[in-house]
Amino acid sequence: AALTLLCGSVAAVVVWKWLGKRQIQKKMEEAQRTRDEGVKKMAKAVQQFREQVPSVQTDAILSLPLLELTDRLREGSLSPRTVLYTYLEKALEVTQQTNCLRHFIPECEEQLQEIQRQREKGLLYGIPVSIKDHIGHKGHLSTCGLVQCLGTPVQEDSVLVKVLKKQGAIPFAMTNVPQSLFNYDCSNPIFGQTLNPFNPQKSPGGSSGGEGALIAGGGSILGIGSDIGGSIRLPSSFCGLCGLKPTAKRLSVRRTRLLHVDVCSCPTPVPCALGPMARDVDSLALCMKALLCQEMFQLDPTVPPIPFDEEVYSSSAPLRVGYYDTDGYFPLPPCMRRAVRETRGALQAAGHQLVPFSPPRIHYVMTELFLKTFFADGGRAWLDLFTGDIVDPSLKSQVNCCKIPRLGKKLLALILKPLQFLLLLKLKNVAMISTCRSVKEMWDHHHQIEAYRTEFIARWRELRLDVVLCPVLGPAFTAGYPGKLLTAISSTMLYNVLNFPAGVVPVSTVTEADEEELKLYQGCCDDPWDRTLKQ
């Protein structure tokens, strides 16, 4: 009887688990079906437009820089409808190649009508804009690549979307993201892997990877991403774009789903920032100029009412530029260091003063400040996001590490330390991250971040710097590799911890000589992680 009862219980558990997985599968299939139907509808709308206006010079419109396109739209030599459908058509083509779109926004047609009723033409009049999946748009899901977020559509536009619309922009597409946003690849179990438009073997970066792929592929001229460890700057690097992470709270994040960011600590000492991605720096500047307006400051009173400083942006005064080509924690591939050297030479030739600068204690910043912020509770809040979900393969190693009980982690640390496995030196695995075990420890952690910011600013002021030139992780990794190298992002995460504005600009492409030099790359210690970076 006991054996029968045991077998019955086991069978019940197996059936219960099977039913749970089937339910998840059905939700995912429904989301995929909705997306596919949206793509078909948009393709049909584009086809109808093509039949009505057969003489559109598609390539000429797609080749216009943002500033020139805005001028043409404002003077009336191009119509917003023509520009919108030109970009919709191109976005359909790019997403077919890269799987970068999560959903088209059919209400873009309504916004097209709305801007023609506006009394004043905004700074982004008639410009089609793509937005990252978790930036709230009324009537659409904000999924973050998670099944638990497939339920209720957003009830109201986020502040940022409202301001874009007020400035005449037309949000037309929402782009794909990695599951939970906590990855710099771009893959989730619902909508799949996004590919790099220049090479389908490569990742577009993340977490704003859908934006990176769509803009780099030519399917969008301006996009909005978010960044809490490099999520604007890494896709910009991997896809050869310009991207800006402003200081947090410079642009409103209200009604933007932040998930793990929200639950880590409140207020979080390493905050999320929204920012623009585009093909050139002037586009980023125009976007910031448009967003930093009265509408933004009124809709979100927590945003400081400081408009874009045109005087500083257009100034040609010589600058004192600090520079470094390695942070001493995670040595980057030779081509990225070459990019810094060449840029340093160009800046010197342009009359700027270059000063060697060494960011202090990056190992401490990465392990004790950055990662501890997000795994202060041992990763429990993050793991909760995967309840009733399928974990994406690119996140499995991180999720499994977080599942190790605290005692197991301590034993692992004791075993590995005598082996000198370099784990504590370079900390490539979240299993070893220290946690905050009390409220006092959490406050101490917040204080340590403030103390580090003070130390960094003091060093900056000592050298009388205006700006710092530094490398960014790149070039694009092969898809699947970002999940194996979480802490390779030391070059970007520093400026999230500092809450400084930071941007990325492409200055070169990889050469044959770079590839030859990469063969000799040994990184810091020629350990398994350095070899993984090389691969």
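Any Cβ shown, glycine's included, is placed from N, Cα and C.
Here is what TrEMBL says about this protein:
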type	residues	note
ACT_SITE	LYS132	active site, charge relay system
ACT_SITE	SER207	active site, charge relay system
ACT_SITE	SER231	active site, acyl-ester intermediate
BINDING	LEU181, SER207, ILE228, GLY229, GLY230, SER231	substrate binding site
DOMAIN	83-515	domain 'Amidase'
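On the backbone, the CA of ILE228 (substrate binding site) and the CA of SER207 (active site, charge relay system) stand 9 Å apart. Distance noted between the C-alpha atoms of GLY230 (substrate binding site) and SER207 (active site, charge relay system) is 8 Å. With a cut-off of 8 Å between CB atoms and residues at least 6 apart in sequence, the same chain places MET174, THR175, VAL177, SER207, SER208, GLY210, GLU211, GLY223, ILE224, GLY225, SER226 near LYS132 (active site, charge relay system), listed in sequence order. The local packing around LEU181 (substrate binding site), expressed as other Cβ atoms within 10 Å of its Cβ over all shown chains, amounts to 28. Mean pLDDT across the domain 'Amidase' (83-515) comes to 92 in this model.
Report note: the substrate site is defined by LEU181, SER207, ILE228, GLY229, GLY230, SER231, and the residues of the same chain whose CB lies within 8 Å of the CB centroid of those residues, excluding them, are PHE182, TYR184, GLY206, SER208, SER226, ASP227, ILE232, LEU234, CYS272. Across LEU181, SER207, ILE228, GLY229, GLY230, SER231, which the record gives as binding substrate, the greatest C-alpha separation is 11 Å. A C-beta separation below 8 Å, combined with a sequence spacing of at least six in one chain, links GLY229 (substrate binding site) to TYR184, VAL270, PHE370, ILE489, THR492, MET493, ASN496. Straight-line distance linking the Cα atoms of LEU181 (substrate binding site) and SER231 (active site, acyl-ester intermediate), rounded to a whole number, equals 9 Å. Sequence-distant neighbours of SER231 (active site, acyl-ester intermediate): residues of the same chain at least 6 apart with a C-beta under 8 Å from its C-beta are LEU181, TYR184, GLY206, SER207, SER208, GLY225.
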